[in-house]
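Written out below as structure tokens is the structure these notes cover.
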Amino acid sequence: MSIEHRLSEEHESLRATVAEFARDVVAPKIGDFYEREEFPYEIVREMGRMGLFGLPFPEEYGGMGGDYFALGLALEELARVDSSVAITLEAGVSLGAMPVFRFGTEEQKRTWLPQLCAGEMLGAFGLTEPECGSDAGGTRTTARLDRESDEWVINGTKCFITNSGTDITGLVTVTAVTGRKDDGRPRISSIIVPSGTPGFTVSKKYSKVGWNASDTRELSFVECRVPAANLLGEEGRGYAQFLRTLDEGRVAISALATGLAQGCLDESLAYAQQRQAFGRPIGANQAIQFKLADMEMRAHTARLAWRDAASRLVSGEAFKKEAALAKLYTSEVAVTNAREATQIHGGYGFMNEYPVARMWRDAKILEIGEGTSEVQRMLIARELGLAG
Ligand SMILES: Cc1cc2nc3c(=O)[nH]c(=O)nc-3n(C[C@H](O)[C@H](O)[C@H](O)COP(=O)(O)OP(=O)(O)OC[C@H]3O[C@@H](n4cnc5c(N)ncnc54)[C@H](O)[C@@H]3O)c2cc1C
């Protein structure tokens, strides 16, 4: 395996197109959406038209025929400017559409993927529950098969689910206990629940610290019935499915975190050259220069980490450890760069109108979502052969 340090012509063209879109379309508008805590439908629609939601899917399902590496490039460039739109894309692809593509029947793929790939519909993935997040195998949501009507009957609650309550959300894939193994452990399965199904209620948006222009909701299921055919893949395979989904998602989140770390540097570099103190630009001080040098070092190394994990994933090699390493490293780097960027901006860095304030608020969740830093360390230790 080798990591190419130069992008192919195709990848570079995609990166440049998304960078231009982020700079010209997202940057001027997103601050207002963020302040109003409003989902940016017009920007998401435009991302759909550009084909970003279809990047890693085959053309026969309406995708762009690219791969996870291409998705990572797009996420990095979006998050360099704003994380709410980046997480909307990340969750839409990695958590919404990818499980349908990886584990769905041909009919499920043909039903859902074209609209998901076009960004006209968003999908969500409901794993986390009020009583279990890191320990997602402890899911309490249940689904029983009513053989008479040939329907799953779902009961339970999911929390913190991204993209689950927008006007264009079409489905949520939920994990639920569908039985017990011989040793008494739960059999977990994934089931597609279309939006608007009776018994499926989406609560109002959470008030969040960051990602304020993205959609996050609590979901409840009370005797919610969906056809038996909505089972995703085999019954009892839900645990393995979500482990795979999260491994891949971590690669995408790493690219997003790298973008945030780079965006902090972009903003700080420009500010340090322009802001005057004691009669000269603050960037003339070695203390500030060293901060910027360290931010560059972290963003650069973060990029190598996500690209390494993505290259392994795309070439079909084992990538679990590298995905965990990349997720752990890039998220911690994003938080550090956001803290330093705010420091370099002084009091202005604490004002929401400055992008670095938004980046600071958006950074912390990267150490929590799709597996906390502690969970990543547990995974890496396990890969090192250390028993839990
Ligand atoms: C904005 C946002 C969007 C999200 N989107 C989604 C989504 O789309 N779909 C979805 O399913 N979930 C989503 N989540 C949920 C997210 O993945 C969980 O919050 C995360 O996995 C942590 O779970 P928890 O919050 O239950 O924390 P807990 O599991 O309760 O953990 C609390 C603390 O204990 C630590 N901890 C737990 N177990 C151990 C251990 N064995 N050793 C050491 N430390 C441990 C954790 O690392 C953490 O620091 C989202 C969350 C947020 C905030």
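Each Cβ is built from the backbone N, Cα and C atoms, and glycine gets one as well.
The domain 'Acyl-CoA dehydrogenase/oxidase N-terminal' annotation in TrEMBL covers 8-120.
What TrEMBL records for 124-222 is domain 'Acyl-CoA oxidase/dehydrogenase middle'.
Under the heading domain 'Acyl-CoA dehydrogenase/oxidase C-terminal', TrEMBL lists 236-384.
Under DSSP, residues within the domain 'Acyl-CoA dehydrogenase/oxidase N-terminal' (8-120) fall into helix, strand and coil as 89 helix, 0 strand, 24 coil.
Helix, strand and coil content of the domain 'Acyl-CoA dehydrogenase/oxidase C-terminal' (236-384), in residues and according to DSSP, is 123 helix, 4 strand, 22 coil.
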